[in-house]
Amino acid sequence: MQEHRSPTDAQLLQSGSADLDIILERVTTLWNNGLVLQKMERREAEKYQRIAMEIFDKELRDIGSFALKHSIFINQKKGDVEKIHKLTEQVLHENNAWMAVTISAKHGYEAVVKLLLDNPDLDPDVKDEEGQTPLSWAVRNRHKAIVKLLLFTGKVDPEVRDKGGRTLLSLAAENGDEAIVKLLLKTGKVDPSAKDRYGRTPILWAAWKRHGAILDLFQTF
């Protein structure tokens, strides 16, 4: 009898022709394994969930399903869309959606974030065990497109602070991330003069790091 070997995560990520059923089954298995490990307080829990979202993100992009609610599927089978909806429901069950959107925002899985934000019951501003929101992770890790998606919902706090009292604008200013600074300023809800626990402001960070373009933005807004 020939031994059956399931595809590895690396193969699933690299193969553009892998069967959708196999891919979605693997995503579900990895995600559920992560949930089990999380309940056991095991460190590797997020690793499984991250890989699941990475595979899911690649599949969404590969089949052109970046916005499932719209009719943009020229060559896409209706059955495939239904399978993806089914998987999304599995990910969202038992109030686990916040984990999916947090992990995806943290690691830059834009297509997954876009899909999850289509769910009206999702709270995109939920904090994880580290006190970070999806927007916090997206700004910290410089995922501009995800920052834009989250801000567009109007349901996230762009002035949220970390444990040291630093705002997202402060982090973006330190990083010299002009695009994200501009997105945050456009909300009209952030303060370039907001002090953290040590009295440092976004303006001060930009000056220290010699980010002249960001200082110019602060003057413009």
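Backbone N, Cα and C define each Cβ position, glycine as well.
Caution: TrEMBL annotation is automatic and unverified by curators.
The repeat 'ANK' feature in TrEMBL is assigned to 130-154, 164-188.
Each residue in the repeat 'ANK' (130-154) gets a DSSP state, and the totals come to 16 helix, 0 strand, 9 coil. The DSSP breakdown of the repeat 'ANK' (164-188) into helical (H, G, I), extended (E, B) and coil residues amounts to 17 helix, 1 strand, 7 coil.
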